[in-house]
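Copied over from TrEMBL, here are the features:
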DOMAIN    24-173  domain 'APS kinase'
BINDING   G31, L32, S33, G34, S35, G36, K37, S38  ATP binding site
ACT_SITE  S105  active site, phosphoserine intermediate
Amino acid sequence: MENLYNHHFHISKRSRQELHGHNSFVLWFTGLSGSGKSTIANLVEKKLHVSGHSTYILDGDNIRKGINNNLDFTEEDRKENVRRVAEISKLFVDAGIIVLTSVISPFQADRESARKKVENNEFIEIYIKCPIEECEKRDPKGLYKKARSGLINGFTGINSPYEEPLNPELTINSMKRTPEECAEVIINYLKDNQYIRL
Ligand SMILES: Nc1ncnc2c1ncn2[C@@H]1O[C@H](COP(=O)(O)OS(=O)(=O)O)[C@@H](OP(=O)(O)O)[C@H]1O
Ligand SMILES: Nc1ncnc2c1ncn2[C@@H]1O[C@H](COP(=O)(O)OP(=O)(O)O)[C@@H](O)[C@H]1O
């Protein structure tokens, strides 16, 4: 960090937000594989997009094929994965864009660090809660089956930990609601807390 300077540019985050016509913030989805993070983030993004909001989804699977393609699923690599997703989120918020992250982000400390990278009201942690038995029943990518048969080492919830969020802004049980209803809970939260005007 020595010999590095902070450059200040003429166009601020506020002026970029004004150009987009809305606030920018992070919707941080966390939960087990198969809990519904991507499905729900996708629906929320659609609702925001059609109502004139600039959005972007950072999805674990996609990010791991690109910028994070040197990372595995060890604890250390998961931490680095989440750190980079948090740094990218911060850039998107600075660019005036609403970012939706869909990463398991299994460790409380890493989610807390992600939160601290942006301003107080710019981080909305959304825990998509779903019992592992249900995730395993859904198994949309067949990964639980592979993990049970020993083809994947250190699979979250089976032989790699998932720490439940301690104080998320929202906990949504995806077993008790349809994906559409889950997305609606999030949109209502954003409206009720003046993040968006619809
Ligand atoms: N070992 C292991 N454990 C968990 N998940 C695995 C694993 N190997 C591959 N996958 C697939 O990678 C997706 C999770 O990547 P993430 O970047 O979200 O994980 S993490 O936050 O770094 O823990 C995850 O996506 P989701 O199912 O959308 O959560 C899986 O498709
Ligand atoms: N209420 C719900 N919310 C989200 N997904 C649900 C819900 N009920 C059933 N599902 C199904 O569960 C699976 C969730 O997969 P996905 O969204 O990829 O989860 P994740 O991104 O957390 O791994 C999908 O097949 C989806 O259709």
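Placed from the backbone N, Cα and C atoms, the Cβ positions cover glycine too.
Taking the features listed in TrEMBL, we show where each one sits on the structure.
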residue: G31; record: ATP binding site; Cβ contacts under 8 Å, 6 or more apart: K37, I104, Y127, I128, K129, C130, S174
residue: L32; record: ATP binding site; Cβ contacts under 8 Å, 6 or more apart: I104, C130, I132, C135, T156, G157, Y162
residue: S33; record: ATP binding site; Cβ contacts under 8 Å, 6 or more apart: I104, C135, K141, L143, Y144, F155, T156, G157
residue: G34; record: ATP binding site; Cβ contacts under 8 Å, 6 or more apart: C130, E134, C135, E136, R138, D139, P140, K141, L143, Y144
residue: S35; record: ATP binding site; Cβ contacts under 8 Å, 6 or more apart: I128, K129, C130, C135, S174
residue: G36; record: ATP binding site; Cβ contacts under 8 Å, 6 or more apart: I128, C130, S174, P179, C182
residue: S38; record: ATP binding site; Cβ contacts under 8 Å, 6 or more apart: D59, D61, S102
residue: S105; record: active site, phosphoserine intermediate; Cβ contacts under 8 Å, 6 or more apart: W28, T30, V82, V85, R111, A114
K37 (ATP binding site), number of other Cβ atoms within 10 Å: 27
Cβ-based neighbourhood (8 Å from the centroid) of the ATP site, residues G31, L32, S33, G34, S35, G36, K37, S38 excluded: I104, I128, C130, C135, S174
In sequence order, those recorded positions of S33, G36, S38, S105 whose CB lies under 6 Å from ligand 1: S33, S38, S105
DSSP three-state assignment for G34 (ATP binding site): coil
Of G34, S35, G36, K37, S38, S105, recorded positions neighbouring ligand 2, Cβ under 6 A: G34, S35, G36, K37, S38
Secondary structure at S105 (active site, phosphoserine intermediate), reduced by DSSP to three states: coil
